[in-house]
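Undergrad: Annotation source Swiss-Prot lists L-aspartate binding site at Glu172, Arg216, Thr368, Arg372, citing similarity to another entry. Among the features that Swiss-Prot reports, ATP binding site is placed at Arg216, Ala217, Glu218, Arg224, His225, Leu226, Glu365, Gly413, Leu414, Glu415, Arg416, with the record citing similarity to another entry. According to Swiss-Prot, the Mg(2+) 3 binding site annotation covers Glu365, on the basis of similarity to another entry. Marked as Mg(2+) 2 binding site by Swiss-Prot on the basis of similarity to another entry: Glu365, Thr368. Positions annotated as region 'Aspartate' by Swiss-Prot: 194-197. Marked as site 'Important for tRNA non-discrimination' by Swiss-Prot: Pro85.
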Amino acid sequence: MLKDRFIADIIASKESLVGGRVRVCGWAYRIRDLGRLKFILVRDRSGVIQATVKRGESPEDALRAAEDLKLESVVCVEGELRQAPTREGVEVKVERLEVLSTPVEPLPLEVEGSEKASLPTRLKYRWLDIRNPMVSAIFELEAMVAKVFRDYYWSQGFVEIFTPKIVAAGTESGAEVFPVVYFDKTAFLAQSPQFYKQFAVIAGLERVFEIGPVFRAEPHHTSRHLNEYHSLDIEVGFIESYNDVMNYVEGFMRAIVRMLEEDGRRVLELYGVELPRIPASGIPKIPLRKAYEILEEKYGKKVEYGEDLDSEGERLMGAYAGEELDSDFVFIVEYPWKVRPFYTMRKDDEPSWTYSFDLLYRGLEIVTGGQREHRYHRLLENLRDKGLDAESFQFYLDFFKHGAPPHGGAGMGLERIVMQTLKLENIREARMLPRDTERITP
């Protein structure tokens, strides 16, 4: 390996390394030429360190390599680690400078300060944008959230599954699916692993989770939607009610907050955002019908009875939770049947309403879930009431013919969780290579 440690590792161990020889590999982030002395800031994924090349001290080959060095050249430097009046408290006195690669044309996007450029430009030259430590921190956090998800649900007795992404039918009517060429059959990209999460529970795995891509053919042009994103999904059998599912979702949110407190402080400080708040008593739950009243009485916003919340309604309910309940999270529960999928369990005493929920995080829906209908005959009724053809979903209905436990689950948007944690303006910032109605490259 050309590189055996990150810059952050060197800085963390600087007391024991000062006076010794170190090797640093990364990109030339800044170059300052003072004639006889040249300062090169070398950046890698973990941080930045200063390297100094000085005439009369550094070897001639190092001086020659430094002479024509360009920004964003890939370099390896070797030399003595010594104390210096830098932010890191150390620098590398260069004894060897190796240029592994150099730009062949002017940079179309300056790495330093790239977050201030227009978003289309940043996404067009994403490989340069992500070199900016401010931007790469987003994806470090995203990886940390995914790891917390996996670790938390493993600890709760869940099994990780890997479901098909080429499917025979959408989870709904098929209006929001991407068709794909699949030999002589009709097929689509999966909107959700919903059917196969339920399959796994019914097949006896009982508690399952998945991290995977989902695809939505919705012609949105908003700062909150993507046509491809990563979904964090759970499904759990033998529940008493949908409250059991919400408890598992809340457990994951608390695990995220612990991670941020212990390992994510650097990223939060980089973005100047505070730790998310969850009351000790639990994430508050507000029935949607109560939310209608709150929105009208407190904010003068009227929502038609039986309708879903729009983005403004979600934002205002998030503000209400923050101001009145001291929580950055709030569950909105009992959604109308007409705005929920056919597999959602309806209330026996109020069939126009369902055992379902959304979780809002700082005013944006990041989780949708609920209890599923596990009774075969009720599923047939639900399909009929939705005006859907049962024959198109027969492969799914077959799962329920031989004993299905009461179960429920949730789908969580990874990018939305990161977006709300860092208070990003656009969800595309939280996706390494976003796909939307206008973008399919890079």
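Glycine too: its Cβ is placed from the backbone N, Cα and C atoms.
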Undergrad: So which of the binding-site residues is most packed in, judged by how many other Cβ atoms lie within 10 Å of its Cβ, out of Glu218, Glu365?
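TA: The residue with the most neighbouring Cβ atoms within 10 Å is Glu365.
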Undergrad: Over all shown protein chains, what is the count of other CB atoms within 10 A of the CB belonging to Pro85 (site 'Important for tRNA non-discrimination')?
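TA: Neighbour count, Cβ to Cβ under the 10 Å cut-off: 7.
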Undergrad: Does DSSP put Leu414 (ATP binding site) in a helix, in a strand, or in coil?
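TA: Its secondary structure by DSSP: helix.
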Undergrad: Using Cβ-Cβ distances, find the residues under 8 Å from Arg216 (L-aspartate binding site) that belong to the same chain and are at least 6 apart in sequence, listing them in sequence order.
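TA: Residues satisfying the criterion: Glu176, Gln191, His225, Leu226, Asn227, Glu228, Tyr229.
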Undergrad: Quick one: average pLDDT across the region 'Aspartate' (194-197), no decimals.
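TA: Looking only at the region 'Aspartate' (194-197), pLDDT averages out to 97.
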Undergrad: I'd like to confirm something. Which of the recorded positions, Pro85, Thr368, Arg372, has a Cα closest to the Cα of Leu414 (ATP binding site)?
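TA: Smallest Cα separation from Leu414 (ATP binding site) among Pro85, Thr368, Arg372: Thr368.
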Undergrad: Restricting the comparison to the binding-site residues Glu218, Thr368, Arg372, Arg416, which residue's C-alpha is spatially nearest the C-alpha of Pro85 (site 'Important for tRNA non-discrimination')?
TA: Arg416
Undergrad: So among the binding-site residues His225, Thr368, Arg372, Leu414, Arg416, who's got the most Cβ atoms within 10 Å?
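TA: Most Cβ neighbours within 10 Å: Arg372.
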Undergrad: Checking the spread of the ATP site as listed (Arg216, Ala217, Glu218, Arg224, His225, Leu226, Glu365, Gly413, Leu414, Glu415, Arg416): what is the longest Cα-Cα distance, in whole Å?
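TA: Between the outermost Cα atoms of Arg216, Ala217, Glu218, Arg224, His225, Leu226, Glu365, Gly413, Leu414, Glu415, Arg416, the distance is 19 Å.
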Undergrad: Whole-number answer please: how many Å between the C-alpha atoms of Arg372 (L-aspartate binding site) and Glu365 (ATP binding site)?
TA: 20
Undergrad: DSSP helix, strand and coil counts for the region 'Aspartate' (194-197)?
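TA: The composition, in the requested order, is 4 helix, 0 strand, 0 coil.
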Undergrad: What's the CA to CA span in angstrom from Thr368 (L-aspartate binding site) over to Arg416 (ATP binding site)?
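TA: About 12 Å separates the two Cα atoms.
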